[in-house]
Structure formats: C-alpha cells, structure tokens
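A short worksheet on the structure shown next.
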C-alpha cells in the first residue's frame, strides 16, 4: 500500500539513520545530535527508534542485556535511546517514538484475526512493511492540541545492516523513500573505521562492505558518519566517498570526544547539518543558535568544583542500566558548575556497617536508584543507614524511596524485620506492599506493560525540601512501579521522624519522603523516576538539590580540616 500524498502531513521530511560493521557505534547519539542541530536551526523535529527485537517492549527485558527502560509521559516503556532524544532536543516523546518488531507483528496478527485483510495471505511484504510504514509516518500528523506537523522525522533503525532482524525495517524505509520521493528522504549511515595496531593504519574496507550491503537492498546512503578512535585522514575520507558513491562533503568523521554533548558541534563543524538542509530543501532553517548549548559546554569542560557521588546499585556491571540517572547526576553538577565524579558501588558491598563505611567514607553524597528483586536490597539498606546516621546527602529513586522507608522502619520506628512484600511475602511488617490495583495483575502473570506507568501528579507539603526545590505545591513525574508505602504503617513511621512530604493528590500514595533539615541536610526519596525528565541544560530540581547539598558538605569538611590544622 503506497503512502498517499494527501496523507503525508504536509512537507514533513524523513532522515533515516542506519549502522554498519558492529553494533553500539553511537547511532542513537548521532541521530540525537542531528535532531539537536536541526532544532537549534528553528525546525520542528521529532525522533523515532525502530528496534528489531521480537519483544513488544523492553519492560520485561534483563537490564544486563538491554540497559535501562525509559518511560515516557504517556506510560510507554521504551529504549534508552529515547532518553538521548529527549535530552538532546529538550522535548517529550510518546509511545509512537519507539517501535519494535514485536509490536508490528502483534498488530498485524491482530488485524488478521479480525479479518481485516479479507482473506489475503499475510506476508512480510506488503503487510508487515505497510504496518512499519504506518508507524514511521504516525508522527507526521499535526498534534492533538493543534500543534503543526513536524518539519523532520529522524528515525534510527536499530541493529546492524546485514542482520536478518532489521531487514523489514530497512525495506520499509526504502519504500518510504520511493513513495515520498528522494527529495523528501535522507539516509545517514554510521560505520566503523578501525585502526589496526599491527599495521599502524586505519582500514576503510569494513565501511565499503557495509555500504555495499546497504546498496544490495536498494538503499544508497546520502551521508556517511565514520566512527573512529582517532581522526580519519583526508585521503581515507576521499577514498570512502569514491568507493561508496557519496559526496565528499557528506563524509564526516565522528571521532571519540570527551563528552557526548560535544557531538552536535563536531558534526556541525564538518557541515553535516548544512548538507542535509540543502539536500532536503529545508529553506525555512535558520542559522544554528548555540546560546544555550554553549553555556552547557562551558559547564561540561570548565567546572569550578568536583564532587563525588556514590551510585549504590545492583546492575553496576552495565552502566547503561542507570543511564538516565547518571546523566541527571551530571546535569545536577552542571547546574552548580561542578563535575560529578561517579563512584560505582555494588550494593552487596554495603550490607555490613564496616562494608558501608569502607565504600561511602570518601563520597560527598549518594544516590540509590530503582530496581527489582531481593538481590542487593540489604546492601542498599546498609548504605542508606550509613548515609542517614552520618549526614551524607542521599537521594532515593523509586525502590530507593522504598528502601529508605524500610530502613527507617527497622531502625527508628520499632518495626524490626520490616520489609517489602516484593522481597519477603511473609514479613511481619510489610511497610512496602503491592498496590491494590496490581494484585490481580501479578496473580494473572501478565507482567508486560502493566505497572503504574507514566506521568502522575504529587501534592507536596509546605515547608518541605521537595517543595522548596520544585518551587511548587504540585508537580508531575514519571513512574514505573507496582509497590507502594503501606498506609497501615505510615503513622507509626511518621511519628518516628520520617516525613511523608509528598503524596498523590488524594493522599493515598506516598510520593516523597524526607528527613527535616534540622535532622539531616538532605535525605530525600521519591517514588517517581525524576531522572527521566532531567535535561543537560536544565537540571532536575532533585538532582540539583543533591549536588548542592553534597557541595555544601564538601565545603564544610574542608573548613573543618582547615580549622583542625590551625
């Protein structure tokens, strides 16, 4: 089924980003950087990631295999690249921004069961590719609130050219170009140029073969982004341009840089955005406005302070499992002209008081992020107790808040052995319990996409740290959880001194906890995932608050040392 011109959503252009040779080349960062540049030129840009796995979404995938699950405002569980897109473009994306093979096949099979194909033999071409094209063009329509259609849709195709799994997506992109016309589509291919230590030279052949594979399925790339650990020589760039039939001006080198936020300026300096604008006829594009991004880069490269934050987690062997958390912490540092030195701490190392002291004695603050399952929980409790008793600024996220409640219940509220029904169904004091609406879902075994997901409001108590940081009495944050603070124990825990400073507007769900400032300088937990709405040039208030408190502790420690020496 061809895309009809009347249904094109105006003059929306498509940029497709593919990858070759190896995975994890940085296609997502390349796509996000292009989006950043085009947005800085005044264009309306939306982003999309096509994932070739058969999972419907990454919500039930192992963090060690997939990395973090990025949740959007509308409750979609998506790929971590969606987080890059939101941070680089400073936009909020939705469910349509992430498409998986599992979603495509589920939709097609459901249509077949309903008889919508009128007895046709359902095949990859045209039925699967038609559904992919429909999803590709979904964001080309005007917004529900009257927002105009975007000028550009940038679509990253996951996987590596040549993989069986990604072939339907690449074929669909080829068909979109055929149906919309070559002046409305642009293909960027990201490829590796490896350096061979034995011969002391860079090799262009892998890129040539990767482009040949792409051309064999009907796509001639319009631009090449060459990934390398050192600059690609001009002769090699000219050779690649010749052998791959790409304009020399469209062959750019994305060399490893100190910060991911340097990538947009690196691509701009080589003229990639200008070339794309010219080829797509985006005459409405203005010059790049670097004002906001330049201030960010100054904070990145010229920090006035350095602060050490311990990230106490159970998935630290794969940092991508906490990608948005680490980016939010760094952004909190940018807001204070500070470099955040992350100390990765396996929560198991903090189970004992001595272990927690050994791991946390040299940090200025800690962050305890979300997670699932019982492994590592006692270590998180140990880390939080050490931070609470020693005045170390601490921020708990989702499970981190729940651990704050459990630790306080055990050690301050007289509820020895308190736990969560997630970890210990038989605990005498289930201070964290399954949400009422989740009980039947868990019993039914339907775990995919069934948590409390997406944007929910919270009412903040006047005079609280969280209300001060947000500068508002009510805020909305993204959530991803099945468990909540058990209302039956709230009064007893609050009487012991832990302040439930944020709740759902109806007062039913606990959204924030904290210790008063006269008890602890910064001990704050949130049931939400505020890291998902943080931006590099606009740090989230809770993360900025943590870094500010950590800097205050650091300065106080230095003053104490000076006084002691005197």
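Here, residue 1 is simply the first one shown, and the rest follow in order.
Note: Cβ is positioned from N, Cα and C throughout, glycine not excepted.
Database features, via Swiss-Prot:
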- 398: active site, nucleophile (ACT_SITE)
- 23, 163, 164, 165, 203, 204, 205, 206, 207, 208, 239: CTP binding site (BINDING)
- 23, 203, 204, 205, 206, 207, 208, 239: UTP binding site (BINDING)
- 24, 25, 26, 27, 28, 29, 81: ATP binding site (BINDING)
- 81, 156: Mg(2+) binding site (BINDING)
- 371, 399, 400, 401, 402, 422, 482: L-glutamine binding site (BINDING)
- 308-556: domain 'Glutamine amidotransferase type-1' (DOMAIN)
- 1-282: region 'Amidoligase domain' (REGION)
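In this structure, residue 422 (L-glutamine binding site) belongs to neither helix nor strand by DSSP; it is coil. Within 10 Å of residue 204 (UTP binding site), counting C-alpha to C-alpha distances, fall the following of the binding-site residues 81, 239, 371, 401, 422: 239. Residues near residue 23 (CTP binding site) in space but far in sequence (CB under 8 A, at least 6 apart, same chain), listed by position: 159, 160. Those residues of the chain, other than 371, 399, 400, 401, 402, 422, 482, with a C-beta within 8 angstroms of the mean position of the L-glutamine site C-beta atoms are 370, 372, 398, 403, 420, 432, 481, 483. Between the alpha carbons (Cα) of residue 206 (UTP binding site) and residue 28 (ATP binding site) lies a span of roughly 20 Å. Of all the binding-site residues listed here (206, 371, 400), it is 206 whose C-beta has the fewest other C-beta atoms within 10 angstroms. Classification of residue 25 (ATP binding site) by DSSP places it in coil, neither helical nor stranded.
Neighbour density at the Cβ, taken as the number of other Cβ atoms within 10 Å, is lowest among the binding-site residues 25, 29, 164 for 164. Highest local Cβ density among the binding-site residues 27, 203, 205, 239, 482 belongs to 27, counted as other Cβ atoms within 10 Å over all protein chains shown.
Each of the binding-site residues 24, 204, 207, 208, 402 was scored by other CB atoms within 10 A of its CB, and the lowest score goes to 24.
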